[in-house]
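S.K.: Pasting the feature list from TrEMBL:
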TRANSMEM  B:5-26  transmembrane segment
TRANSMEM  B:64-87  transmembrane segment
DOMAIN    B:64-255  domain 'ABC transmembrane type-1'
TRANSMEM  B:99-120  transmembrane segment
TRANSMEM  B:132-155  transmembrane segment
TRANSMEM  B:176-201  transmembrane segment
TRANSMEM  B:234-255  transmembrane segment
Amino acid sequence: MKFMKWQSLLVVMIVLAGILSACGSSNQGNEKKPAENNGNKQATEQDSGKKVTISVATNVVGEQAKVLQAIADNFMKENPTIKVDFSAPGKDYENMMKIKMASNDLPDVFSTHGWAKLRYGQYLADLKDEAWVATLDEAIKPAVTDDAGKVYVLPMDQDKSGIVYNKDVLEKYNIAIPQTYAQLMEAAETITKESGGAVAPFHMGGSDNWPVGQYFDYFANPLYISAAQNQSAQLLDGSFDWSNWDQFAEMFADLHKKGYLNKDVLTAKYNDDAKALAEGKTAFLFYGAYAIEEAKKINPELHAGFMPIPSIVEGDTPTFVGGEKTTWGVSKDSKNIEAAKKFVAYFAKPENAQLVAVSNALPSGIKGTAVDAGDLSTYYEQYKDIRVLPYFDRVFLPNGMWDVMCKNGQDLISGGITVKQFSENMEKEYNRLRAAAVK
Amino acid sequence: MGKNLLKYIIIGLIVVVHIIPFYILINLSFKGAGDVGSKWIPAQSLDFGNFMDVWREAGLGKAILNNVIITGIVLLLVIVIGSIAAYPLARRRTRWNNFIYTVCISCLIIPPLTILVPLYKLVVDLGGINTYWAISLAQVTFALPMTIFLYTGFISGIPKELDEAGVIDGCNQYSIFFRLIFPLVKPITATIIILIGVQVWNDYQFSLFFLQQKSIQTVPVVLSMFISQFQSNINWVAAGCLIGMLPITVVYLFLQKFFIKGMADGAIKG
């Protein structure tokens with residue numbers, strides 16, 4: 001009997017040790033020790049120390065990744081002493097980077113997918129002395145630099161997201177491009193009524209959860225930030241009254257209640273959104289131009305357009321959201337930092353940055369290159385004077401709030417929580433994460 | 001008659017439940033990118049384009065080779081180390097052996113992912129990223145507890161008299177094990193080849209972190225690059241999955257009769 005106790009105690013101890021070792025490591029991750037980059041070490045040894053290998057990782061896949069890879073191949077041709085290990089792991093890129101940050105094993109060069117400053121900032125080398133800094137487009141500068149002058153990453157393009165729409169559907173129901181949220185809702189009402197529910201005004205891949213967050217990220221700006229009378233100061237200093245969020249949550253719940261969203265909103269995925277746009281089963285999507293590119297793969301004949309986000313507050317004007325999109329940052333602990341910087345500089349050449357921007361159908365991040373975004377160029381040209389605001393959550397919410405916003409949005413339309421509870425959850429997490437960030 | 005009918009209806013239902021995922025997988029793998037019909041609707045034409053595209057784009061040939069190498073190394077080590085470790089644990093039930101056995105079994109309870117970060121750091125420090133040995137050793141570590149558990153259970157059920165007969169005939173401990181015991185535990189070996197083999201073959205989490213260079217990645221990892229937040233080529237992934245599961249399916253069919261016996265025996269004789 002005594003023996004059995006002994007055994008169970010042992011089992012418990014081993015399991016605890018296993019779990020604790022996992023917890024403990026996150027603290028160790030903050031210790032700054034030079035990253036040991038093995039891919040490099042081995043390769044350099046093999047090549048008798050002359051040739052260096054840099055590891056490069058990106059979150060993009062498909063055509064965009066191919067363009068990056070092709071430019072990297074050209075770089076290797078011109079620089080025979082530098083070998084580039086290119087990896088594009090796909091959807092688990094973020095998880096992989098979190099593990100790599102915790103163990104100080106970041107690639108020499110990596111993309112920061114919108115988080116250059118907040119998440120990756122402390123791991124990135126300052127690129128302010130690079131020659132290409134002078135050529136950066138003014139519009140993108142604030143997203144990749146800070147007040148102290150640190151340049152975090154090279155932005156090859158700049159995100160400019162609004163609402164994409166199916167032109168044929170809007171023409172069919174005789175709808176003009178909405179300038180305000182009220183007009184957008186009117187349009188939705190017309191489409192729902194006249195199509196008898198066959199066309200969903202808005203299509204949302206809610207099971208992926210980030211498309212839900214898109215709605216909040218898009219309309220938080222016109223609601224709280226962009227108008228002359230706004231709440232940006234309160235959101236930044238923490239004095240924001242979260243009961244204000246009720247109205248926002250209500251607006252979102254209404255979309256679902258009134259049948260403006262696709263019926264399968266909780267099980268559809270992002271891909272279904274692009275598909276619905278391609279097939280004319282929806283009018284508007286809350287995505288950037290990338291959704292049009294995706295939809296055109298399914299229906300090359302698609303007539304799609306692109307518009308700014310309508311205003312909500314009286315007297316305000318429409319806006320875009322934007323910031324960094326395709327970037328390269330250099331790990332500050334990189335052993336081959338010179339080679340890594342050279343690699344980044346190669347992508348900063350206007351013609352190369354242009355290739356990347358074109359593959360994303362976005363304006364280039366480098367000055368002096370015309371926007372060549374295919375059919376979309378006309379829209380970028382037409383809306384060139386529209387304000388581009390940063391994504392709401394990246395500026396006004398602490399790191400970690402994005403998931404809270406997405407999950408609560410899902411819960412709201414599935415009926416799991418009420419509008420009030422949504423606001424309460426937001427307030428609670430906002431305060432908790434803010435406090436954690438200050439520490 | 002009525003009883004039989006009910007039986008067949010239930011069997012039919014179970015068969016349908018098991019076939020549906022395969023139907024969807026096979027159906028998706030034949031659908032072209034322009035075929036926007038639901039995944040339930042049969043593909044418009046039998047198009048092998050997805051298979052060819054994914055083979056070329058993902059470099060599946062190399063990936064399958066990597067799978068074979070890693071799975072092979074892991075199975076070899078697991079079977080040799082596991083069976084050798086299990087033999088004394090089953091034969092000499094001393095306190096110390098019981099202690100070792102308990103340690104092995106309790107490792108089964110640790111979810112491998114909880115120790116991912118420290119393990120990753122260790123592998124980085126040892127220079128094991130993008131090598132066969134690091135991923136193989138990690139897999140062996142997580143596969144051994146199950147292997148030892150199964151072997152110990154099975155060997156306990158083999159009469160000790162057999163060992164004694166071996167001793168009388170002049171065998172030493174080693175030849176008793178390799179000549180008498182090991183051939184007898186074939187069903188368990190087959191079970192382990194299938195259980196651990198499938199687990200290692202399909203492993204995604206560890207392979208994703210330890211194998212970062214395309215030239216060394218396994219099938220699940222190379223296929224994952226076709227799925228991202230903004231785009232996914234599910235038809236290619238379906239085709240790739242079908243190709244990737246063929247080798248392991250063949251092995252399974254080959255070892256199936258041993259597998260069922262091994263599972264039942266190892267479970268009863270604990």
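Backbone N, Cα and C atoms are what each Cβ position is placed from, and that goes for glycine too.
Automatic, uncurated: that is what TrEMBL annotation is.
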S.K.: Determine which recorded stretch among B:99-120, B:132-155, B:234-255 has the most C-beta pairs below 8 angstroms with the transmembrane segment (B:5-26).
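M.R.: Looking only at B:99-120, B:132-155, B:234-255, the most contacts with the transmembrane segment (B:5-26) come from B:234-255.
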S.K.: With the transmembrane segment (B:99-120) as the reference, find which of B:64-87, B:132-155, B:176-201, B:234-255 contributes the most Cβ pairs under 8 Å.
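M.R.: The stretch with the most close Cβ contacts to the transmembrane segment (B:99-120) is B:132-155.
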S.K.: Determine which recorded stretch among B:64-87, B:132-155, B:176-201 has the most C-beta pairs below 8 angstroms with the transmembrane segment (B:234-255).
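M.R.: Selected stretch: B:176-201, with the most Cβ pairs under 8 Å.
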